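Participant: Got these off TrEMBL a minute ago, pasting:
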type	residues	note
SIGNAL	1-18	signal peptide
DOMAIN	32-177	domain 'C-type lectin'
DOMAIN	209-304	domain 'Ig-like'
DOMAIN	314-413	domain 'Ig-like'
DOMAIN	431-523	domain 'Ig-like'
DOMAIN	528-618	domain 'Ig-like'
DOMAIN	621-710	domain 'Ig-like'
DOMAIN	713-807	domain 'Ig-like'
DOMAIN	810-923	domain 'Fibronectin type-III'
DOMAIN	1040-1144	domain 'Fibronectin type-III'
DOMAIN	1149-1245	domain 'Fibronectin type-III'
């Protein structure tokens, strides 16, 4: 991703004193359009962050949207005069992805008017999809741009500012916009749930539910005894929960079934947690959580409970993969169905071996195993000749929650032979990057996932590790810090991929001095997500409000709104209108509009919802919470601001009185837009008692303050004793001073006694507001909590005042986590810990996670959530409030470490530092190995080969691996009423072994055996696996095909016939694989042909009586023989027979091929016929091949048209499509050479024929001509046709 490089850096945000009182001091007023703007030069931001920062300023604010030419002229004039650095400025204009010729304004949801066009030269052709204002003239500023994106930006063109397209991933300046009607939300204090309440203690406040823990998808990849999905909501009074199940892609609950224990006793619901005991496939589906209290209802986004599935490989033998020696090769895994994902491994069985050894690329660097399931060879040689087996294991994507108490299922394919065709060794060659690469997994990659990029090349593989090297780079940028390289740098993995990592990546393969490179464009998609949640609204009765839902996702999300869990469909009398992501409420009414609202953003990757509450308030004014200070000291000749912050709904009207006389504004005394009283040039006559009187239709109230005039500098508005703020929100600590205006005044702020450097710390910014001066603490974190002191300093004196910042948020880390080594049982361990900081919201419960020593880096959820004050967690008599939890559901004989996350009403805290490792007690193994099966190919007669999947360490039940063994049981399958035989037993002492060969005797070839397996350790044995019926190895077949004869199929192929052999155990000695046909030239020496090296063979699978041998020479005699093959080997050869191929097919192709239209859906194809040579078979007729030109020739439909006449009518031709046609003669020797491809299309009464122009029109690959292009082409080609005539 290219970054914007600025030659000039300015550490400031432009603030221009507004000319109209309707806009705040740091906003610029455009009075003609009743708008306010804030120009944010630095820090720059990506587009989505710019949107979030504008909403952070005020919920009704958004990134600039241009509505008319006058507004553009205003913006252009301001930027031209103020932006001396000539930056690039985001707007909210975006190219419509469904119609690239249209743009819309994300800010206000309107479309860009066609009469508005302020593009710089080539600005619309710039790569990008966002409109921005930017500089494009002669300037020292240097720019680099991302190659993707559609956002409009303002840029300078050398004279003034115009538009250009930029990428949303560029970090640019931006312009926020808000209507002057909505600007009061900035000017007035922000209301919260305490507004209208007599208490400011958050514990006493009542509010509706909002989710703190969202449910997540669950995929079961192996059997388990239970699963759960969970949601939690913050609410007061606490929320009650319900769960629903219903059809997918339906967000509403109306068509969904409520889940209760009465529905199915296997379901239980506990505080938002839905548990399912002994889950079965009928439980699969989409689930949704509902949380409710007296203020309303919210619903979660839908989540899925899915059951993973891994099918079976086909029983049909795989055809051999043939590759020339010293060239690259690819072996493709056999087709298998799975859900949701799978991982691939490969095994190799070398010639003469019965072992299938796993392939590890660090031992075989010329081999590459791709996530696409294919096995690649840099250069194949005779050493690679073997049978290969594809091993597929069920898996999930790394952002999915997988559960299962046993091994994930896996399957092994039937053998895939790799055969090498001998040729002389090539000279040094390569690298040649394979056409499959660069390949990206998953595809498409989603934000937050781990992505994998693969690169592979063919070439000389001698001394691979020393002569080959792979490297990666990001074009125009640097590789992300989270990049990890593996497999000789052929694989790149990036954790938690983000939009800023989009761009072009290049892989370079180097072999000695030779180099090859290839690029891929990495485009990240994502499920919608919210940068900022919806804000709660506390409205006056009768007020209007605009609510904006700010979500991001790729593809662009679509929006819907809900009230109390029901889809909002506004009516004429509802007072609500919805335009995409904007909800406008007019004339707020308590009965109609109060409740819980949600905005849902949805795309193909899923849905996300943000919830907030609307309260409609109506009460008389009151100063109960915020009375005026009893007295304020002001400096002589200075200025003072007396705050007035009554609460009331509707918003009260304010009147100021001095000594019971109404105060009117003049040159020194001003009643500010926020109703504060400002007095400048203070003199002794300003002393006295001031009253702020608030009145609305429901009543009135007043509050008094005495103003004292002093000679010294004084603090007129001191910081509140405590200023609350939520984590990641912005706090404002007020501090205003009165001083002699003939002196200079500076404000200095300290935190915990240390002076703050506001220029270097981006969290802090000075505030200059109508309500007074102060300090912003932006994106407040817990470490910002503490005492702040304001110092108002002049050259003669100073004044000081201080207050504390209180930060609310999710709990802090649990401290002192300790796993007690004296408490383990076989399936539980006790852990002890101290609760971390609650951050002023009671910790409700704890989430325990564990890591297994043998699976480092993977954390599992405990199946339980633990209430903090449950009796089981409290240690009686412990004065330090230590807590304990017994973590259950563990496996015996494993080392476990733990970590805890605490949860309160404000969210989930971070995980604590993991505990030390403690082992559970040892016990018998938890399970037997999985996938017990057998193999017969490559196994000698009289042997029974059993295979299985080794048991993962976590199920061993003991720490010492050498203590783990397997016991394999087998016995011959009983027939009819014979009694059960006793089980025979084989002990496997190596737990990593995955196969065993058992001698059962040659008389027991291809015999059914019952088998089972269990795991054993010193403490006992696991349960047995299910009984699996398998076959022992086959014997060599003795059946011989008879009545063998051959006949010519065409000039290069023979049809060989034979009498099939009886498919019986005694004749075949196993399972019939099929028939192998051997063939060789009659002229070959008899002695040579006794050696198989001098004979060629082709195999035909299954029971059949003939096969076609291809790739032969015309008019030539061949000897043919047939024999049976099975997995055990080849049977005896049948008798030898002589067969002859036919004379060659026609060598000439038809010429003068023409196409003319016949009617509205057919054309006539004509050609000049061909004659055959003396050595060729006689002509039997012609074949016409016709297909749509955008399809492959293999899709062509061959039509046998006979020998005469030499023309044919093609019916069913569709209008507006381009077709291709070829004609060939045929004989008993086969189809001859085809005529060159001719393109045509049906248009009117003439058929235009011009291959070069038609091919250009097909460049888009659609095969269909647009009407305008078709008309122009038809006119030109008809003229061309007549000119030839």
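Any Cβ shown, glycine's included, is placed from N, Cα and C.
Walk me through where these features lie, including what they touch and how far apart they are.
Facilitator: For the domain 'C-type lectin' (32-177), residue counts in helix, strand and coil come to 30 helix, 50 strand, 66 coil, using DSSP.
Averaged across the domain 'Ig-like' (209-304), the predicted model reaches a pLDDT of 87.
Note: the domain 'Ig-like' (314-413) comprises 3 helix, 50 strand, 47 coil (DSSP; helix = H, G, I, strand = E, B).
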Participant: Rank 32-177, 209-304, 314-413, 431-523, 1149-1245 by Cβ pairs under 8 Å to the domain 'Fibronectin type-III' (810-923) and hand me the top one.
Facilitator: 209-304
Participant: What are the DSSP helix/strand/coil residue counts across the domain 'Ig-like' (431-523)?
Facilitator: 7 helix, 45 strand, 41 coil
Participant: Between 32-177, 209-304, 1149-1245, who has the most Cβ pairs under 8 Å to the domain 'Ig-like' (431-523)?
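Facilitator: By Cβ pairs under 8 Å, 32-177 leads among 32-177, 209-304, 1149-1245.
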